Amino acid sequence: MISGVLYALLAGLMWGLIFVGPLIVPEYPAMLQSMGRYLALGLIALPIAWLGRVRLRQLARRDWLTALMLTMMGNLIYYFCLASAIQRTGAPVSTMIIGTLPVVIPVFANLLYSQRDGKLAWGKLAPALICIGIGLACVNIAELNHGLPDFDWARYTSGIVLALVSVVCWAWYALRNARWLRENPDKHPMMWATAQALVTLPVSLIGYLVACYWLNTQTPDFSLPFGPRPLVFISLMVAIAVLCSWVGALCWNVASQLLPTVILGPLIVFETLAGLLYTFLLRQQMPPLMTLSGIALLVIGVVIAVRAKPEKPLTESVSES
């Protein structure tokens, strides 16, 4: 249990970096950032895939199709929506919307996967969800009070919608990915991360070319193919690809095999906490008291959720009888 939580913590620390990436290169469209990140990931995965080609051959066609669906929803579409939301609403607000994942995932895990992983009684789960929900509200209120430069309701609202879409994408990814890993305990998490990175390569390459064509027609002054700050953009995409997409996904895959889905869900809060930490470091300011109170409630909620013990899976009970 402890090792699984530590792996989830490390994944959250890595994933938190994605909230500051769009702020470093705000002049780059979200489409270019999303495709650039996963194009870098796919290229990095090529030599690793060659070294692990024996394990990759063990995957069936349906496994590769699952990897493709996962990478489309949990990588490309998710990051495109998130980067767009961050540029429209600011990093803290988008971070807190993504922060609803610790509430969304365990609820759906309890509804969908209780027969396999064991059901966590709603009476045990409710205090954790309430703490997390109040904590998220506190941080969100604090950030809205902080204000946004050049505020535009239409742009802000569209950013909220895009952030909500990214929540749906990642919730589906987390549940479906954990389900595959739990159903395939003989498959190494690194092999599965490599497979997802590989199928990302052709999709992201096509997407990057489409983004360049669109920019060339809509914004002819935009320098192509790597924008006005090519060295910064390429370095940032490679760093995010390695730390967030590779190391983060690997750690999360290990945690997914070690922990029940209903407990794994609340641990997504580590990503939210890391994103807030990095954002305030970038701002070079201390978070306000309400934000700190919200963070404390988030941590308390996670501790309550992790300490709760799921009931025995129904499948095991049937097999034993």
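A Cβ is built for glycine as well, from the same backbone N, Cα and C atoms used for every other residue.
Values in this document were obtained by computation on a predicted structure and should not be read as measured data.
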Do Swiss-Prot's topology records have A91 and R182 sharing one side of the membrane?
no
Other parts of the chain folded back onto the transmembrane segment (286-306), taken as Cβ under 8 Å at six or more residues beyond its ends:
1, 5, 99, 102, 106, 125, 127-132, 134-143, 145-146, 263, 265-267, 269-270, 272-273, 276, 280
Beyond the flanks of the transmembrane segment (231-251) by at least 6 residues, Cβ under 8 Å:
7-8, 10-11, 14-15, 17-18, 21, 24-25, 28, 33, 36-41, 44-45, 75, 189-190, 193, 196-197
